[in-house]
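Notes follow the structure.
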Ligand SMILES: Cc1cc2nc3c(=O)[nH]c(=O)nc-3n(C[C@H](O)[C@H](O)[C@H](O)COP(=O)(O)OP(=O)(O)OC[C@H]3O[C@@H](n4cnc5c(N)ncnc54)[C@H](O)[C@@H]3O)c2cc1C
C-alpha cells in the first residue's frame with residue numbers, strides 16, 4: 001500500500017507572529033519557516049506504517065511556493081521515499097485555500113492511487129482544520145479525523161479520534177483519509193546522514209496548471225488586525241491576598 | 001437569506017449551550033432552521049425548538065446517524081443545502097469533522113472558528129493561534145461556517161418553533177462506529193463553565209492532578225489542562241485548552257504550573273479574570289494574568305482550596 005502525506009510550509013510554531021502595520025497580513029520577512037507540526041506527525045505515522053510492513057511507499061506532496069521544497073526535503077530526510085512539489089503561488093504571502101489544496105490533492109490521488117492519505121488535522125497558520133475532510137469529500141472516501149491511534153486491519157483502518165467528549169474509535173473502509181492529532185506519535189528528528197541521503201531522493205516539480213485546478217481564493221482577505229491585547233495585572237504576595245482580590249473582583 | 005444550523009447532539013441529548021451560541025451568532029444572517037440529526041433526535045429537536053430565534057427545526061432520526069459519523073451527516077446536509085444561504089454549526093470537534101466535508105460537497109470554502117459576523121458575506125476569524133484576526137469576505141454562493149462558541153452569548157429560551165420530521169439521506173457506507181471512551185463527570189462542561197481550573201506540566205503526575213481537581217470541585221469549576229499535562233498522561237485529552245484543544249472564556253481561569261505558551265493562551269486569553277500560579281516569576285503566563293502568584297503550586301493550590 002502506498003501512503004500519501006500532504007505537508008505545508010508554515011511559520012515555525014515558536015515564532016511570535018507579528019501583524020503588518022498596514023493590515024495586509026502577517027510579517028513573513030526573515031521569519032523561520034518549518035513544516036506544519038501536525039504534518040510532521042502525519043509523516044512520522046506514514047513512515048511507521050512502512051517500517052511495520054503495512055505500507056510499501058511513502059509519498060509526500062506540498063502545495064504552495066517554490067520554497068516548500070525545503071519542507072519536502074525535511075520529510076524525505078525523516079524517511080519518506082519520494083516527493084511532489086506543486087507550485088501554486090509565487091508570493092510567499094499567498095495562502096492556498098484548503099478547497100484548492102484538496103482539489104489538487106484529489107488529482108494527485110488519482111495519479112498515485114494511494115491506499116491511505118495521512119494529513120495533519122490543521123495548519124497552524126490559517127488554523128482552518130479542513131483540508132483532510134474536503135479531500136475525503138471530493139474523493140468520496142471515508143474520513144477519520146483527529147486521530148490519536150491508527151491501526152491498519154486488512155482493508156479497514158481502526159482509528160481512535162480525539163473528540164470533545166473524550167475518545168471515539170471508528171472503523172473506516174480503505175482507501176481513507178486520516179488526519180493526525182497531537183498525540184498520534186512523536187515525530188523523529190532527521191539525522192545528518194539522512195539529510196544528506198534525502199538530497200538524492202526524487203522530487204518532482206509541477207504547477208497547479210498542470211493539474212488544471214483553479215486556485216483562485218474564494219475568501220478575500222479584507223484585513224488582518226492585531227487581537228485585543230490583554231494588560232498584565234498585578235502580582236499578589238500570598239494566597240490570602242489572592243483570595244481577597246478575587247472577592248473584591250466578584251470572581252468568587 | 002436562510003440559515004441551516006446543525007445542532008450539537010450527543011447520544012440523543014442536545015448540547016443547549018453550544019447550539020444556542022451558534023443560534024445567536026446566526027440570527028443576523030436570516031431565518032434559522034435547526035437540523036437535529038441522530039439515532040434518536042426527537043427530544044433534542046424539541047429542546048432546540050425552545051431556543052429564542054429558531055424559526056424551524058428539522059429532525060432526521062435514523063440508526064445511520066448514531067455517533068454522527070461525518071460521511072452520512074455531511075451527505076444529508078449537502079442534500080438539504082439548496083434552500084439555505086448559510087450552513088452553520090458551533091465549532092465543536094463534531095462540527096469540525098462534518099462541515100468542511102459539507103463545504104467541499106458544495107464546492108465552497110469553509111469558514112472555521114468564526115468569531116464575528118460583519119455582514120452576510122464578511123466574517124472575522126482568528127489565525128496563527130489567535131495572534132492575528134483576519135476579516136474575510138466570501139465570494140461563494142453559500143457560506144459554510146463554524147462559530148467559535150466562546151465569543152457568542154447563548155440565545156435565551158422562550159421560542160416555540162415548529163418541528164418537522166424529514167427522511168434520512170443516503171448511506172455512503174464508508175465507516176462504522178466501534179466505541180466511545182467518555183469519562184462521566186459531575187463537573188460543569190469545560191467550554192461553558194463559569195470557572196475553569198487548569199493544571200500544566202508543573203503538576204508533575206496524574207496523582208497530583210487531584211489537587212487541581214479538589215480546587216475545581218471547591219469552586220464548582222471545570223478542570224482544564226495544558227498540552228504538556230495531557231501528553232504526559234496527567235489529564236485526559238478532552239481537558240486540553242488551547243489552539244488545538246478547547247477554547248474557553250470563563251469568568252475566572254486559574255492556571256497552575258502552566259508556563260503560558262502561545263498555543264495555550266490561544267485557548268484561554270479571553271477569560272474575564274486570569275489567575276496564574278507559577279514558581280517561575282518570568283513565566284509568560286504572568287503577562288496575561290490579572291492576579292499572579294509566584295509560588296510552589298503544591299503549597300499554594302491546597303492553601304487556596306482551604307481558604308475558599
Ligand atoms: C502544533 C502545536 C499545538 C499545540 N497546541 C496546544 C494546545 O492546544 N494547548 C496547550 O496547552 N499547548 C499546546 N501546545 C504546546 C505548547 O507549545 C506548550 O508546549 C505547552 O502549552 C506547555 O505546557 P505547560 O505550560 O504545562 O508546560 P511547560 O511549558 O513545561 O511549563 C510548566 C510550568 O510549570 C511551572 N512549574 C513547575 N513546577 C512548578 C511548581 N511546583 N509550582 C508552580 N509552578 C511550577 C514551571 O515554572 C513552568 O512555567 C501546542 C504545540 C504545538 C507545536
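Glycine is no exception: its Cβ is also placed from the backbone N, Cα and C atoms.
Among the features that TrEMBL reports, domain 'Electron transfer flavoprotein alpha/beta-subunit N-terminal' is placed at B:3-181. The feature FAD binding site is assigned by TrEMBL to B:201, B:226-227, B:240-244, B:257-264, B:278.
Within 10 Å of the Cβ of residue B:240 (FAD binding site) there are 28 other Cβ atoms, across all protein chains. Ranking the binding-site residues B:201, B:264 by the number of CB atoms within 10 A of their own CB puts B:264 at the top. Fewest Cβ neighbours within 10 Å among the binding-site residues B:243, B:258, B:261: that distinction goes to B:261. Each of the binding-site residues B:201, B:243, B:258, B:261, B:264 was checked for a CB under 8 angstroms from a CB of chain A; the ones meeting this are B:243. The secondary structure of residue B:243 (FAD binding site), as reduced to three states from DSSP, is coil rather than helix or strand. In the three-state DSSP scheme, residue B:261 (FAD binding site) is classed as coil.
Taken residue by residue with DSSP, residue B:201 (FAD binding site) is part of a helix.
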